[in-house]
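What follows is a set of notes on a single structure, which appears directly below.
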Ligand SMILES: NCC(=O)N[C@@H](Cc1c[nH]cn1)C(=O)O
Ligand SMILES: [Zn+2]
Ligand SMILES: [Zn+2]
C-alpha cells in the first residue's frame with residue numbers, strides 16, 4: 001500500500017542544484033588520507049576531524065565539540081599515540097521536535113596506488129558520464145557522513161526549517177575497532193546525548209546495485225594477530241636457510257589451520273556457539289532481490305562458494321566467517337629478495353553472529369593457535385592476541401524509524417526497499433541501542449559493488465545525490481511519525 005507523500009519537491013530540487021558543491025565537499029574530504037590503521041597518518045585523521053567541525057560551524061551547528069579519548073591501547077607501536085577525537089555537534093534544540101542522532105565515521109581503510117588503483121585513491125576522480133566518483137572513503141563513509149551536512153545545507157538555502165533536532169557523532173577509529181567510543185557514549189548518554197529519540201547510521205551498502213535496502217542486522221568482528229619471532233634480525237637465506245627455524249614457515253602452518261578453502265572455520269567450538277536458523281527466518285530470504293550473478297559481479301570473479309541466493313545470504317549475514325588478511329614483516333614487494341624475516345605477524349578476523357560470546361571466542365581462538373604452534377615443536381616464540389572486537393547487532397525493523405525510512409526511500413527511488421542484514425560490522429551500533437535506549441536504523445547510501453575496503457572504491461553520483469534526498473526525507477517522515 002502506498003503512503004501519503006510529504007511535499008518535498010523543493011528540497012529534492014535544491015539537492016540537485018547543489019550537486020557540484022556537494023561533489024566538491026566530498027573531494028575535499030577524500031583528499032585527507034585519514035587512515036586510522038596507519039599510525040603514521042594519525043595527524044591526517046585529526047585533520048579530518050577539524051575539517052568536519054569547520055563544515056559544521058559554517059552550516060550553523062552549535063555546541064560543536066572535539067572530544068579527546070586519550071592514548072590508543074596496545075597493541076600499538078607508539079605507546080603515546082593519541083586516539084583521534086569524536087566530533088559532536090547539534091543543529092536545533094527545539095523541545096517540541098524529535099531529536100535524531102546520526103553517527104558516521106571519518107576514518108578510512110588504507111589505500112595505495114600500488115595496490116592496483118586506477119586513480120590516486122586520495123584524489124576524488126569524477127566520471128560524470130558514467131555516474132561515478134572514485135576515491136577512498138567515497139562510499140565508506142565520507143560520502144554518507146557529508147550527506148547529513150548536505151541535507152542541512154539544502155534546508156539552509158531554502159530557508160526551510162529542519163523538522164527535527166539533529167545531533168551528530170562522527171568518529172575517527174571505526175575501521176580500527178571504535179576504540180574509546182563505547183566509554184564516551186556511556187558517559188554522555190544522559191548528558192550530550194540526552195533526549196535522543198532515535199539513532200540513524202548511514203555506513204553500509206545496498207545488497208546489489210539496483211534496489212535500495214534498509215538494514216536491521218550486522219555481524220560483529222573479532223580481530224586477532226599472531227606474532228612469531230625467531231632470529232635477532234632478518235637473515236640471508238643462503239647462509240641461514242635450512243639451519244635456523246623460520247618464523248614465516250611456522251606462521252604459514254598456523255594460519256593454514258584456521259579455515260579450510262571452503263570457508264569452514266576449523267577452530268573447535270566456534271560453530272557450536274551459533275544460534276540455529278529458525279523456521280521463521282528461513283522465509284525471510286526468499287523475497288530478497290539478489291543473485292549469485294550479482295555477487296560475482298561485485299567480487300569481479302566467478303569464485304562464489306555457494307551457488308544459490310539463500311546460502312549466500314545466510315553465509316554473509318548469519319554464520320561466522322574467518323578471513324586471513326595479511327602478514328606484517330613478510331617480504332611482499334616486487335623482485336626476489338632472499339630474506340628470512342625475523343618476526344612476522346599474521347592478521348586474521350572472525351565475523352561473529354548471535355549467540356557467539358566474544359570472550360569465549362578469544363579463549364577458543366588463542367588456545368587453538370597456541371596448540372597448533374606447540375605441535376610444530378618450533379624453538380621460535382609465538383604471541384597470539386585480540387587486537388579489537390565489536391558486537392554483532394540484530395534489531396526489529398518494525399518501528400517508526402524504519403517506517404519513515406521506507407517512505408523516504410520509496411519517494412526518492414520509486415521502489416519499496418528490501419529489509420536486509422549485513423555481513424560487515426559497525427562495532428558501536430549495539431552500544432547506541434543499549435546506552436541511549438533508542439532503536440537504530442541503518443540507512444545505506446552506496447551500492448553493493450562500491451568496492452568498500454577494496455581498490456577503486458566509488459560511489460555512484462546518483463546514489464550520493466539521491467542518498468542525500470533520502471536522508472533528508474527520512475528526517476521529515478520521522479518528524480511526523
Ligand atoms: N562500513 C562499516 C565497516 O566497514 N566496518 C568495518 C569495521 C571494522 C572493524 N575492524 C576493522 N574494521 C568492517 O570491516 O566491517
Ligand atoms: Zn564504514
Ligand atoms: Zn569500512
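Each Cβ is built from the backbone N, Cα and C atoms, and glycine gets one as well.
Straight from TrEMBL, the features:
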| type | residues | note |
| --- | --- | --- |
| BINDING | 105, 140, 203 | Mn(2+) 2 binding site |
| ACT_SITE | 107 | active site |
| BINDING | 140, 175, 453 | Mn(2+) 1 binding site |
| ACT_SITE | 174 | active site, proton acceptor |
| BINDING | 203, 236, 338, 351, 425, 453 | substrate binding site |
| DOMAIN | 217-374 | domain 'Peptidase M20 dimerisation' |
| SITE | 236 | site 'Important for catalytic activity' |
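Cα-Cα distance from residue 140 (Mn(2+) 2 binding site) to residue 453 (Mn(2+) 1 binding site): 8 Å (rounded to the nearest whole number). Taking each of the binding-site residues 338, 425 in turn and counting other Cβ atoms within 10 Å of its Cβ gives the largest count for 425. Note: residue 453 (Mn(2+) 1 binding site) has non-local neighbours 109, 140, i.e. same-chain residues 6+ apart with C-beta under 8 A of its own C-beta. Counting other Cβ atoms within 10 Å of each Cβ, the lowest count among the binding-site residues 105, 351 belongs to 351. Neighbour counts were taken as the number of other C-beta atoms within 10 angstroms of each residue's C-beta; across the recorded positions 107, 140, 174, 175, 203, the minimum falls on 175. Ligand 2 lies under 6 Å from the Cβ of none of the recorded positions 107, 236, 338, 351, 425, 453.
Compute the center of the Cβ atoms of 105, 140, 203, which mark the site for Mn(2+) 2; besides them, the chain residues with Cβ within 8 Å of that center are 104, 141, 144, 145, 174, 175, 204, 426.
Per-residue pLDDT, averaged across the domain 'Peptidase M20 dimerisation' (217-374), gives 97.
Long-range C-beta contacts of residue 236 (substrate binding site), restricted to its own chain and to partners at least six residues apart, with a cutoff below 8 Å, comprise 338, 339, 340. Under 6 Å, Cβ to nearest atom of ligand 1: this is the test, and of the recorded positions 107, 140, 175, 203, 338, 425 it is passed by 140, 175, 203, 425. With respect to residue 174 (active site, proton acceptor), the closest of these binding-site residues in Cα terms is 105, chosen from 105, 203, 351, 425. Neighbouring residues of the recorded Mn(2+) 1 site, listed in sequence order and excluding 140, 175, 453, comprise 108, 109, 141, 452 (Cβ within 8 Å of the Cβ centroid).
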